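Shown next, in structure tokens, is the structure this report addresses.
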Amino acid sequence: MIQLKSKNEIEKMREAGDLLARCHQEIKKRIKPGVSTWDIEVFVDAFLKEHGATAEQKGYNGYKYATCASINDEICHGFPRKTPLKDGDIVTIDMVVNLDGGLADSAWTYAVGQVSDKVKDLLDVTEKSLYLGIEQAVVGNRIGDIGSAIQTFVEGKGYGVVRDFVGHGIGPTIHEDPQVPHYGRPGRGLRLREGMVITIEPMVNIGDWRSTLDSNGWTARTMDGSLSAQYEHTLLITDDKPLILTKLK
Ligand code: MF3
Ligand code: CO
């Protein structure tokens with residue numbers, strides 16, 4: 001069932017989203033060669049606590065950490081770990097913040113030190129694809145319009161868009177209906193309505209879109225070993241343009 005959100009719920013999610021955007025700003029300052037994703041995990045945990053929020057991912061389906069930290073060919077659900085990041089790596093930090101019952105979910109891929117032009121292009125295309133998807137998230141459009149815009153753009157650049165993981169409705173729990181694939185056909189799927197809150201979170205691989213699952217049962221990585229990036233926002237469908245909840249107020 002799809003939950004349309006009340007004004008009060010939306011206000012709480014907006015506050016959670018603002019805090020999450022601030023947290024990403026702090027992460028950006030901290031990501032550099034020599035720092036580990038465990039350092040980032042510890043920072044995020046403390047930052048959320050300090051601001052009266054909790055990490056919704058911790059304990060979710062047995063997941064143990066506040067953040068997902070996916071390095072290079074890892075697509076998503078990488079575990080934070082103590083290995084230092086190296087110059088030229090990319091790392092996706094994904095997290096769900098709970099502030100007074102309002103949830104917000106956002107992921108960003110960060111470049112560690114200097115990355116190649118090829119990698120910069122991957123990050124650029126992935127971020128642009130997110131905003132192309134968001135543009136389609138308007139009343140009257142369908143879920144397939146979002147996926148189609150993303151897929152057409154990403155594949156036009158010669159990259160692969162991951163199909164095994166999708167965006168989703170969010171609130172009161174992390175994963176609610178509807179599913180929001182980052183591929184698809186225009187005019188297909190559920191019609192978007194005012195008051196729906198969804199995530200759009202394209203994962204883009206330099207190579208093939210296919211993924212494999214690590215033996216830890218969580219971490220997905222590219223089948224061909226190519227690099228993978230991801231940008232994610234939580235947004236509200238309104239009677240006008242979509243409202244991005246996971247940006248600074
Ligand atoms: N933030 C992830 C998403 O975008 C959810 C991860 S759930 C976890 O869907 F348990 F793996 F953390
Ligand atoms: Co997320």
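These residue numbers are counts, starting from 1, taken along the chain as shown.
Backbone N, Cα and C atoms are what each Cβ position is placed from, and that goes for glycine too.
According to TrEMBL, the protein has these features:
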BINDING   HIS77, HIS175  substrate binding site
BINDING   ASP94, ASP105, GLU232  divalent metal cation 1 binding site
BINDING   ASP105, HIS168, GLU201, GLU232  divalent metal cation 2 binding site
DOMAIN    11-239  domain 'Peptidase M24'
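Within the group of binding-site residues (ASP105, GLU201), the Cβ with the highest number of other Cβ atoms inside 10 Å belongs to ASP105.
Between ASP94 (divalent metal cation 1 binding site) and HIS175 (substrate binding site), the C-alpha separation comes to 14 Å. Within the same chain, residues at least 6 positions away in sequence whose Cβ sits under 8 Å from that of HIS77 (substrate binding site) are TYR63, CYS68, SER70, TRP218, THR219, ALA220. Taking the centroid of the Cβ atoms of ASP105, HIS168, GLU201, GLU232 as the divalent metal cation 2 site, the other same-chain residues with Cβ within 8 Å of it are ASP94, SER106, ALA107, GLY167, ILE170, THR199, ILE200, HIS233, THR234. The number of other CB atoms found within 10 A of the CB of GLU232 (divalent metal cation 1 binding site), across every protein chain shown, is 21.
For ligand 2, the nearby binding-site residues are ASP94, ASP105, GLU232; that is, of ASP94, ASP105, HIS168, HIS175, GLU232, these have a C-beta under 6 Å from one of its atoms. Long-range C-beta contacts of HIS175 (substrate binding site), restricted to its own chain and to partners at least six residues apart, with a cutoff below 8 Å, comprise HIS168, GLY169.
Rounded to the nearest whole angstrom, the C-alpha distance between GLU201 (divalent metal cation 2 binding site) and GLU232 (divalent metal cation 1 binding site) is 4. Cβ atoms within 8 Å of the centroid of the Cβ atoms of ASP94, ASP105, GLU232 (the divalent metal cation 1 site) belong to the same-chain residues MET95, VAL96, SER106, ALA107, THR199, GLU201, GLN230, HIS233, THR234, THR246, site residues excluded. With a 10 A radius on its CB, HIS168 (divalent metal cation 2 binding site) counts 20 other CB atoms from all the protein chains.
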